[in-house]
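If you look up TrEMBL, you'll see 6-25, 32-51, 81-106, 126-149, 194-217, 244-270, 282-305 marked as transmembrane segment.
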Amino acid sequence: MNIFQIVCAFTSICLNLVLTYLILVKSPKKLGVYKYLMCYISLFEVFYSIWDMMTEPIVHSYKAAFVVLRDYNGSVFDREVSFVLVCIYCGLFGFSMAIFGVHFIYRYGAVNKSFSERFLPGNWVYMLFAIPLWYGTWWAVLCYIYFYYTDITDAYMKETIEYHYGIPIKDSSYIIVYFQPTGADGKPHPDPKIFFAIGCMWYMIISSMFSVFYFGVRCYWQIRKTINQSATVSATTKNLQTQLFHALVVQTFIPLVLMYIPIGILFFFPMVIWELPFTTEFVGYTIALYPAIDPLPNMIIIKCYRHAIKDFIMKIFGRGKRGDTQHSLNTVDAQSGSVVQPGRSAGTRFV
């Protein structure tokens, strides 16, 4: 397995487990359902990284097709089981697409009471947890049904896979998106079934992107509105709201660069039979990198987690903890914008 992917996987597992601990132990008591959503995301990313190490995926495009392949030579899994592993790996990518959107939908509901009461009343908020499961299952099933390897695809991909990776085609198991197979006349012809499956995947990607950008922008303006409409907003509140905005920017930028753009490149160019002047293997790297750096914004920007990490580091170096006054946690009432000290009651809150 590529050393970069191994490093990313171990980094992801360590950071996400640390973040899960911080969420469970160091979160403000009034964080609400958001606490469980953050744990859900962190534990998913741990599982994703473990599956990435087990599958050892390689992403490669060639003319009118792209593949996600696994070298199963020396593995305990045969070609058929390896194909299932790759399908599940791809399904986890679909799961992650939904996670992005769900995260921002909840964030907006937390700062907009009318939206939350209308669309996420009571236990309905937990339905957000089911959406990624649906997307992940849908994506994996599409891969299993429509992207199965055949003798024809083996012949088509044999030369390029063996040339670029030194893997005999019969030692590789893969899903293949072959947009325009060569017909009896020697010309490429679009495969309607493949375009249908990819259309479903584009729907999942676009719905995820829409949720991230639409609810991200709405969330930002709602935060600004909360500050502007509050006559007694303190400097502390403004600082906390600024932290939330910075977190939104980072959490939008990371999936855009590491997930949306790479998968868009991978889907588009083979579809129009436009061979890229560079290898698309980088897509596998960006997907492996995402869960390794995704925990960092929460660990760095959210004050209670950042302070807990600082305390731990200071304790290691024998400097003890910071003063109790520095340990005080403030939360923001999402509706009023007021600062609430620990132990006091308020409505829906963000750190």
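Keep in mind that glycine also has a Cβ here, set from the backbone N, Cα and C atoms.
Curation plays no part in TrEMBL annotations; they are all automatic predictions.
Quantities reported herein were computed from a predicted structural model and do not represent experimental measurements.
Of the Cβ pairs linking the transmembrane segment (32-51) with the transmembrane segment (282-305) and spaced 6 or more residues apart, 3 or more are under 8 Å, so the two regions touch. Among residues of the same chain six or more beyond the transmembrane segment (81-106), those with a C-beta under 8 A of the stretch's C-beta atoms are 33-34, 37, 41, 44, 47-48, 51-52, 54-55, 57, 68-70, 72, 75, 120, 125, 128-129, 131-141, 143-144, 147-149, 173-175, 201, 204-205, 207-208, 210-212, 215-216, 219, 248, 251, 255, 259, 263, 287, 290.
Residues 59, 61-66, 93, 96-97, 100, 103-104, 107, 177, 179, 198, 201-202, 205, 208-209, 212-213, 216, 219-220, 223, 276, 280, 282-283, 286-287, 289-290, 293-294, 297-298, 301-302, 332, 350 of the same chain, all 6+ positions outside the transmembrane segment (244-270), place their C-beta atoms under 8 angstroms from a C-beta of that stretch. Between the transmembrane segment (6-25) and the transmembrane segment (282-305), three or more CB pairs separated by 6 or more residues in sequence fall under 8 Å, so the two stretches touch. Sequence-distant contacts of the transmembrane segment (126-149), counting only residues of its own chain at least 6 positions beyond either end whose CB sits under 8 Å from a CB of the stretch, comprise 33, 36-37, 40, 44, 83-84, 86-88, 90-99, 101-102, 105-106, 120, 173-177, 193-194, 196-197, 200-201, 204.
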